[in-house]
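Listed in TrEMBL for this protein:
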COMPBIAS  15-26  compositional bias 'Low complexity'
REGION    1-26  region 'Disordered'
TRANSMEM  38-62  transmembrane segment
TRANSMEM  68-91  transmembrane segment
TRANSMEM  103-127  transmembrane segment
TRANSMEM  139-158  transmembrane segment
TRANSMEM  165-183  transmembrane segment
TRANSMEM  195-216  transmembrane segment
TRANSMEM  237-261  transmembrane segment
TRANSMEM  281-303  transmembrane segment
TRANSMEM  310-331  transmembrane segment
TRANSMEM  337-355  transmembrane segment
Amino acid sequence: MATITASAMQEAAKTPSASPPRAMAAPTASPARYRPSLLVIFSACLVLIGAGGPLLLRVYFVHGGQRLWLSALLQISGWPLLLPPLCVSLFRGRRHGIANLLLPLRLVGAAAMLGSLYAVSCFVYAMGSQALPLSTSSLLLATQLAFTAVFAFLFVGLRFTPFSANAVMLLIIGPAVLGVGPGSGKPAGEPSKTYWTGFCEGIAAAALAGLVLPLVEVAMERYGRRTGPAARTPPPYSTVMQMQAVMGAAGTMVCLLGMAIKSDFGALRSEAATFGLGETNYYLVLVWDAVSWQLLNLGIMGLITCASSLLAGIMIAVLLPLSEILAVLFLHEKFDGPKGIALVLSLWGFASYMYGEKVQQKKVEAQKSELLQQQVARKTGDLELAAP
């Protein structure tokens, strides 16, 4: 029996053995399509839903509203709406044993400072909105994408591509077309000095907004880093709500201080009594404007936290065509030639940026696929050399 076993073992040794172990089949080389996360899509939808904020703010000014600090307060004071869902989110996270849901103290301080700066931006935007039609102020606000790109280049390390550079140039030239020709875009009966002052204020508001967005991204990157396995996952939406709540609370304090200095609290009742749409509608406009702006701000904060400040700036630029349509439909504003040219240039710039992002994403995915193939080929060669 032992002899038979030994001979059998010798025959087995002479016969070709099974093929050496091979590496696992490599993934297909075709680049994967980029799909944004659900939180990014949700935040983008909030930005679009909040498009009624600028419209209602213009309604406030058109029908007799004059309080600038109050209008700035409307843009930032809706943060208490976040407290119920934020408490629920933190409670559920604690029940599931998730730690580090609260913002670090340094990030809270940075968010408070940025909220104060954003309140100043809202005040300057209100000054421009008081003097300009909604379509003109919206076009000017669209230049924040150019400022966001520049500040992101300086603070975040954004790399320009030919498409993004073309988009920035078009978004700068587009609103500049509004100043072509005497009285272009100026409402009838409004002094030229008032119009051009509002024009400059709109540009200043766009510059401040373009500065705040990258600074929020820098603050999140520097002070909001998480450790452990959670560092490799996107931040929870409770982080987005906390950032927005802290910035909103700090900005609200700045606006309330401005209202106290300007004695706006005592003038609200008289302003409501003389409002063109009636006293009840006056308070309804204020409430719904604050709600709309809060949805818009929460969506922007979600895009910054879950994606990038540049994507947040792009979504603000997407509001441009929607604001134009809303202004023509509900406020009966005139859509003249310079505004049409500015709109086309702005949309062209946005389309150029989006196409450039698509091309850049394809290049990145192709490089990742090529690197993966090289790693698989190297491992396969090592296994073949190691096989007897």
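Quick reminder: no glycine exception, Cβ is built from N, Cα and C everywhere.
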Candidates 103-127, 139-158, 195-216, 237-261, 337-355; stretch with most C-beta pairs under 8 Å toward the transmembrane segment (68-91): 237-261
Recorded stretch that, among 103-127, 195-216, 237-261, 281-303, 337-355, has the most CB pairs under 8 Å to the transmembrane segment (139-158): 195-216
Contact between the transmembrane segment (281-303) and the transmembrane segment (38-62) (3 or more Cβ pairs under 8 Å, separation 6+): yes
Cβ-Cβ under 8 Å with the transmembrane segment (103-127): same-chain residues at least 6 beyond its ends: 57, 68-69, 71-72, 75-76, 137, 141, 198, 201-202, 204-205, 208-209, 211-212, 215-216, 219-220, 222-224, 239, 242-243, 246-255, 258
